[in-house]
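Undergrad: Quick paste from TrEMBL:
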DOMAIN    404-650  domain 'G-protein coupled receptors family 3 profile'
TRANSMEM  251-269  transmembrane segment
TRANSMEM  424-444  transmembrane segment
TRANSMEM  456-480  transmembrane segment
TRANSMEM  501-519  transmembrane segment
TRANSMEM  545-568  transmembrane segment
TRANSMEM  580-600  transmembrane segment
TRANSMEM  612-635  transmembrane segment
Amino acid sequence: MVPKFYQHVLALAFAVQEINKNPNILPNVTLGFHIYDSYYVAKMTYRTTLDLLFKFHHFLPNYNCGTQNHIMGVIGGLSSDTSSKIADILHLFKIPQVTLQYKGIIQLLLHFKWKWIGLMTLDDENGEHFLETINLLLSRNGICSAFTNKVPRYVIVLQLSEMNKYIMESIPVFRDTTANAVVVYGETATIRWLLPVIRSSGKRDVFIQDFWEQSFDCFLPKSSNGTCTGEEMLENLPAPLFQMSITGHSYNIYNAVFAVAHAIHYIFSTRTKYGRNKRAKLTLWNLHSLLQTISFNNSVNDEIMFNENGELASGFDITNLITFPNKSYIKIKVGSLDPKAHSRKVGIGFMFMLSRKMQVPPFSLCNEPCYPGYSQKKKEGEKFCCYDCAACPEDSISDQEASVLGIFINQRDTPIVKANNQKLTYLLLSSLMLCFLCSLLFIGKPNKATCLLRQTAFGIIFSIAVSSILAKTITVVVAFMASKAGNIFRKSLGKRLGDFIVLYCSLVQVVICIVWLVSSPPFPDLDMHSVPGEVVVKCEEGSVLMFYCVLGYTGFLATVSFIVAFLARKLPDSFNEARFITFSMLVFCSVWISFIPTYLSTKGKYMVAVEIFSILCSGLGLLGCIFFPKCYIILLRPDLNKKEQIIRRKQ
């Protein structure tokens, strides 16, 4: 036997032993097991599978009492190639199989933003199936493959150094490609080990002598050339040969045995409950539906469950292979995939250390992302991940705000949009879009129309935006008070409450702007003093007092919104926006408080630049703090955008 696979035998035996000692699982029923070697050869795999079905080989580690040759389930081989050959025969007899599945490749690529990758697989049926499946998933997630290489199967039997030499000599594309990330699908080169070996159990273990002699390159005393003392330390074995820590393969085997045991236990319990014969022969297909719904906690309290396809819905560890100058290496766990979290959630404990010169993960993109002001232009004959960056046309702006508004309109029937007063949400997004657009009035040569419009438009539009935020916050507060105080506030909690707040608060700003335009309107003027040797055309505010009245009233609305949102941030509402509004108002007030001294200390054209910067920053602060969390849930976490989630969080 291969010494490094001995851990899996121990995992199987240990799981069966735990089940038989547990009075809560299959009481008065003793489990046994058969072990068959696939030899990593297709012919022998089919042969041993048929032997498993039609022959009886004794290997029961427990006492014999009415032993039956009754196979209830099969745990597949360590490789997909072996498992698929076993499945070819077993599925004909409807025998349930618990196989080792691979998942998480797409999530890992998305986490590190590797959109331009290479694919390497063995040149066999499993490799073809992998490529067919992975290419479909890659295209769905915006990932492209730079190249695909198929390695002949005989290469995997070589040493790691010889395999690397073969790849570098035979596949020059590895050196020429621009992809810095390669997905390799094939046999495992090194495996960690699961359980410490208890020497006392070796008396009943038919594999221990084989394992000991091959691992320590000696012979046990019972043989004619006995050189093993039996006191050799397992901790001194190289890590690729034997590791003392738990491994993924063995942990899955351990859980698979318990899954089959729980399924059989459920069948026996059901038969006992309804007075049926507990010892009646079970049919193999009885376990299929149970394995798709079984759920239990194992001995380390990890929840084990299967999905609707009968696949183990367990988490996965992300390991990093670190090599050293002496050609040794170690595996370090750097992260994990949470099966209960969303499909894109990946937890990375610390960063990869790829080499001494590279301490951070590499970028793997076909080309760099386009900078602001440039758009993607597809390259002819290339995959969609490859594009040129072309300058945006003149008089065009970012469609970010329109995209957010479109998302909310498209998702208007979902709970997170309904729970946040749709009318006020649309009004706020529309006013924010106009806020970004009004900055265009400050650009270009001033004239009478732009001078009249730019400050008044800015003041009125921002008042509508901040009034909408204030209305949303007050609506949440009044709704909570109405639920607590009976009907006192219910009359005021009508659909018109938010409309009245926005209307009256905005109307005050409109009156201020009208008074400004009537009494002392802004006008274009020539500035010949701020910049020596230049004449600057600028807009005079007309009345500085009215300008600061507009700013002051907007600041007053923002301050009131901040105070109300801060007080309401802990109200028990599933989609309470108060905490997001608090941050948005904090950003908004910080920008405009810093604007005043900066504006007063600048002259000429720089005053316009300062005001444009303040408009864009404050608008982006409102958009980001309030709407980006919702867009994240709508687009990336749709599992949270459900009524059941709302009810659960309320409880």
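Note: Cβ is positioned from N, Cα and C throughout, glycine not excepted.
Caution: TrEMBL annotation is automatic and unverified by curators.
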Undergrad: Tally Cβ pairs under 8 Å between the transmembrane segment (580-600) and each listed stretch (456-480, 501-519, 612-635), then give the stretch with the top tally.
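TA: Most contacts with the transmembrane segment (580-600): 612-635.
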Undergrad: Establish whether the number of Cβ pairs under 8 Å between the transmembrane segment (612-635) and the transmembrane segment (424-444) reaches at least three, counting only pairs separated by 6 or more residues.
TA: yes
Undergrad: Counting only residues 6+ away from its ends, which parts of the chain sit with a Cβ under 8 Å from the transmembrane segment (545-568)?
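TA: Beyond its ends, the transmembrane segment (545-568) has Cβ neighbours at 455-456, 458-459, 462-463, 466-467, 469-470, 473-474, 476-477, 480, 505, 508-509, 512-513, 515-516, 519-520, 576-579, 581-582, 585-586, 588-589, 592, 596.
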Undergrad: Can you give me the average pLDDT across the domain 'G-protein coupled receptors family 3 profile' (404-650), rounded to a whole number?
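TA: A mean pLDDT of 80 is what the model gives the domain 'G-protein coupled receptors family 3 profile' (404-650).
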